[in-house]
């Protein structure tokens with residue numbers, strides 16, 4: 001792998017770790033008590049527990065992958081990185097979507113199922129969730145770039161396919 005690409009790959013993987021840790025910390029410590037409606041915390045909402053779980057998986061994988069890039073025997077396992085990066089990126093997409101939907105409903109409610117918006121009563125909680133979602137979305141962007149890098153590394157090992165025109169010209173000679 002080119003040194004610049006390896007440095008970018010490592011930097012992104014290392015950057016994902018504190019972003020994921022911050023997402024987890026902001027989500028887990030986020031709670032607000034309301035005298036009318038009671039205490040709201042992340043563990044009351046399944047989608048936020050999912051986001052915390054995916055963030056923990058993401059940070060753990062990023063750490064292992066960042067270390068593995070510098071170990072010679074694992075550098076040649078480009079397909080392992082490619083598949084793993086794709087899986088993590090897709091898991092991140094699902095958790096960002098779930099958290100975004102929760103935040104949307106918290107701000108706007110859903111009149112059809114008689115859910116009222118909650119952010120007027122739990123403004124601090126909603127602001128904390130918004131910050132956590134922004135960090136989680138940034139982590140997703142990093143993993144999309146990592147997925148592209150690992151795809152490039154995996155598929156650049158092969159020659160491009162020969163076009164039918166080149167095949168016909170080769171047969172004529």
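First residue shown is number 1, and so on along the chain.
Any Cβ shown, glycine's included, is placed from N, Cα and C.
The N-linked glycosylation site feature in Swiss-Prot is assigned to 34. If you look up Swiss-Prot, you'll see 1-9, 72-86, 153-173 marked as topological domain 'Cytoplasmic'. Annotated topological domain 'Extracellular' per Swiss-Prot: 30-50, 108-131, in sequence order. The transmembrane segment feature in Swiss-Prot is assigned to 10-29, 51-71, 87-107, 132-152.
According to DSSP, the residue listed as 'N-linked glycosylation site' sits within a strand segment. Cβ atoms under 8 Å from those of the topological domain 'Cytoplasmic' (1-9) belong to residues 69, 75, 146, 149-150, 152-153 of the same chain, restricted to positions at least 6 beyond its ends. Long-range contacts of the topological domain 'Extracellular' (30-50) within its own chain (CB-CB distance under 8 A, at least 6 residues past either end) are made by residues 94-95, 98-99, 101-102, 118, 121-125, 128-129, 132. Same-chain neighbours of the topological domain 'Extracellular' (108-131): 26-27, 30-32, 34, 36-37, 40, 48, 99, 102, counting only residues six or more beyond its ends whose CB sits under 8 Å from a CB of the stretch. With DSSP states grouped into helix (H, G, I), strand (E, B) and coil, the topological domain 'Cytoplasmic' (1-9) comes out at 7 helix, 0 strand, 2 coil.
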